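Residues or ranges marked as domain 'D-isomer specific 2-hydroxyacid dehydrogenase catalytic' by TrEMBL: 63-363. According to TrEMBL, the feature substrate binding site maps to 123, 147. Under the heading NAD(+) binding site, TrEMBL lists 148, 203-204, 223, 258-262, 284, 310, 334-337, 382. Summarising the annotation, TrEMBL assigns domain 'D-isomer specific 2-hydroxyacid dehydrogenase NAD-binding' to 157-336. Residues or ranges marked as site 'Important for catalytic activity' by TrEMBL: 286, 334.
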Ligand code: NDP
């Protein structure tokens, strides 16, 4: 029997379960492009429940224990001698979410001789050292598309939040008990008429483009693979061959590439400096795609008018992380892909992957990042490994 180790974020401070704001969530059967939502044999949770925290257990305990497997769930992953480090050496499967990542470093992978499967309950497996996973003979899988629309909605929200100067206006009327119209509007603009670009026009990037099109903006994108001509025409997109060309052409840039060697530290001082003064960057992809301190300097100098996103490094970030106190930000913790709506999909997708794994059936190629000794499926298209 297998040992499955799940590293999930802590429960709400008010206890579990929380008081839910709504009684149900819409049923979504498919994604744009025709991919179906997860198809496990069954689920043991009610969609809309909080599943991504320790007590939520991704709704997997009954399934795993009925099989006779051992299911260990913890949020303790960073401290020396953490539960993750203590439980890892005899684990067969590790499940983690990008919001509270179990960083599977080369050392941790080496400490786990039985480890054969790492599942990302969500999207983005950069917290797994992919070259080590390949060398270890592991499969790495994620629940592709499960939260792509969730993230695209969050990115659009953060673009509007920055451009309309929402956070300071909110602070004036709530925390500061004021009614300061001039202070609130002196950095507020309309998005209408602006040039808006996405870097990475995959599932999330394309969903952002589609959601922004009705705002009467001029849309730009850059990606390694160009979108079909019909899509470019429908959305009136301008394609750019690289990030530099895109960055210097837009007022607002939203990042939607995976983190891999080609994108790490891409938005450094030089690239940010090539943007128009007063540009906005929204980053819901991965924090290490931008130079942390270059962002802070650019906000202080006025080169950037605003920066928003939900991705940090490390996660959780230390109390003195400079993004907690920099000006003109609209940061959230890493939540965009963990709405209750998204959780229902990625918990079901995690179960689908586990069912396939235990039954010896192939995992959908769209879920695969590493398999068979190399990058596979979605991983082979979207990731690179240094070498
Ligand atoms: P996709 O794989 O669908 O899209 C990523 C796109 O980025 C692909 O079109 C890919 O190109 C492109 N790309 C990769 N490298 C580069 C590069 N160097 N320059 C330009 N384009 C590049 O992924 P998703 O849209 O589903 O997700 C994107 C990322 O968003 C994830 O990897 C993850 O890091 C992050 N994410 C964040 C979440 C959150 O909660 N904040 C939740 C989910 C994802 P191509 O395929 O054409 O080769």
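Cβ coordinates come from backbone N, Cα and C, glycine included.
Location within the structure of each feature annotated in TrEMBL.
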| residue | record | Cβ within 10 Å |
| --- | --- | --- |
| 147 | substrate binding site | 29 |
| 204 | NAD(+) binding site | 29 |
| 258 | NAD(+) binding site | 22 |
| 260 | NAD(+) binding site | 18 |
| 262 | NAD(+) binding site | 13 |
| 286 | site 'Important for catalytic activity' | 23 |
| 310 | NAD(+) binding site | 24 |
| 334 | site 'Important for catalytic activity' | 24 |
| 335 | NAD(+) binding site | 16 |
| 337 | NAD(+) binding site | 28 |
- Item | Listed binding-site residues 123, 147, 310, filtered to Cα within 10 Å of residue 334 (site 'Important for catalytic activity') | 310
- Item | Of 123, 204, 258, 310, i.e. the binding-site residues, those within 10 Å of residue 286 (site 'Important for catalytic activity') when Cα atoms are compared | 258, 310
- Note on the structure: Whole-number Å distance separating the Cα atoms of residue 260 (NAD(+) binding site) and residue 123 (substrate binding site) is 14
- Item | Listed binding-site residues (123, 148), ranked by Cβ neighbours within 10 Å, top entry | 123
